[in-house]
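Taken verbatim from TrEMBL:
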{"type": "SIGNAL", "residues": "1-19", "note": "signal peptide"}
{"type": "DOMAIN", "residues": "26-527", "note": "domain 'Carboxylesterase type B'"}
{"type": "ACT_SITE", "residues": "Ser211", "note": "active site, acyl-ester intermediate"}
{"type": "ACT_SITE", "residues": "Glu336", "note": "active site, charge relay system"}
{"type": "ACT_SITE", "residues": "His441", "note": "active site, charge relay system"}
Amino acid sequence: MSSMLFLLLLNILTTLVYPQSQGDSITVHLPFGSVKGYSNGDSWQFYRIPFAAPPIGNLRWAPPSNFTAWSGDTLDAKYPPPACIQKCLLAPNFCAANMSEDCLYINIFIPLSWRPESKKDYNILLYIHGGSFTKGTSGCLIFDSRYFSKFAESVIVTFNYRLGALGFLRHPQYEIYGNMGFRDQIMAMQWVKDYISYFGGKGKTTLFGESAGAISVAAHLQSPSSHGLFDNIIIESDPWTVPLRNTIDATYLGKQFMNELGCSDKSCLYTKSSSEILLAQKFMPKSITPNLLLTLLPWSPIIDDIYLTKQPYRYIMDIADGNILPPAIIGGTTDEGYLFIKREETASPIKGQAFYYEKLLETFPLTYLYVIGVYNSVYGQPTDYIDRLSLIMGDYLFLCPTRHLVATISKGRQKDIWSYLWHRGETYNATNDACYKRPCHESELPYVFGSVSLWGQKFTPNDLNLSKQIQTYWKNMANKGNPNTLPIETEQFPVWPRYETEDLAQMLFNDPIGRVAYAYRETTCNFLDTIGYDQ
């Protein structure tokens, strides 16, 4: 056979086995109906698969209900779902073009070589988006997982859950008990457990999330309804010090919300438009409590003694000695506080040094002078008060409680825990204008999902390598519950040591490559440990 004929036949066979054009489709047959997905050239994508009945009409503030079947023989899963109702103030690549109360959908990305009849099984990476439980969506560009699925050789799943008052309103007098959004998450996770095998997902499930998604991952560790739905966890930028509400605070918030909405009975709640609900939410955060940290998450999962019994930080600290937690990667960015502090200062009539002292006094009413003294002794007198406040708040809310928690876990029976710090500043404008070239909150996400080209940006060669590095670790975690699973040595990436209290080793992701760092910010974190992170 001539080489030319051989190449021609090879091209024909490849085209038959691996669809090339974006118009190619594939159909998966589920017990309750068929769903049609499409090739994007890098993976199969299935958008907008319902995992629960639409929470509309009399289901508006009800727990999620089982979805039965869709109309027609085959669901066309071609287009991203609408976001749940929100006022999205994030960068455009974090927001969706449309939103609706009918928003409980799952998206699935599968390596392009897969076929329903094939014997190939994949592990699952199941992602919970962030956004302070008031914004964010699974269908935005930044979470498009086509490249991540291809590189990780895994099934990637994202989903929506109800947000704000629609997801977390509590008013027991009207039989609205809160945690609807949290229960949406559980139902999505259960759907994945029940049906992802039809999409090639027959291995272990790694639950991962960032910010509010990270809070959710930590909360699912204690929820009885979440047990058995995942095998490994990755927690990215959890503000451990920010408390979730108890039933008393949540009920008070619910009554205040009713007043703001102009409702005095249950039926009124169902007559209000989503725009009216969003407007009422807008005026809630600063008016309900003297606890500054509670105002940071006015709507969130509730400690209700059914799904959650303790603050996630306290729950993990209490069980660390006697219980085996799943293999875990836990970390954050090195400039977590800047995005929030800059946003707060912009909205405040008080600026600069006065703003710095006001926020420290609110956060550390008894110890703020000690906090100022310790940070001045380590970093010198501040030349930029917003930068210094951002450093302190990022340490107190994110990095130092993470370090303390991971150290406590590593002393117990769980040894499979790894910690990281993301120190690479954005070389493009992915999250916020103020965060250009800063390792802000959310800055690692474009590298994890590798999606920057989808909104017209381009990685530098070093950025591309750093994205490959973090994706390799996440891929290995999904495959074996360890970021160092072979063939990581052939990728020329450093071995990531488990976190041990003797050396405090963390992976520090930075330009041009992530390397192991030891005892990062040890002095300031040791001091903040003495203040404590329980609220």
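Cβ from N, Cα, C; glycine included.
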Give me the CA-CA distance between His441 (active site, charge relay system) and Glu336 (active site, charge relay system), in Å, as a whole number.
5
Any idea what the Cα distance is from Ser211 (active site, acyl-ester intermediate) over to Glu336 (active site, charge relay system), rounded to a whole Å?
10
When you measure from the Cβ of Glu336 (active site, charge relay system), which residues in the chain that are at least 6 apart have a Cβ under 8 Å away?
Ser237, Pro239, Met393, Gly394, Leu397, Phe398, Leu399, Cys440, His441
Most isolated by CB count within 10 A, of the active-site residues Ser211, His441, is Ser211
Average the per-residue pLDDT over the domain 'Carboxylesterase type B' (26-527) and send me the rounded value.
92
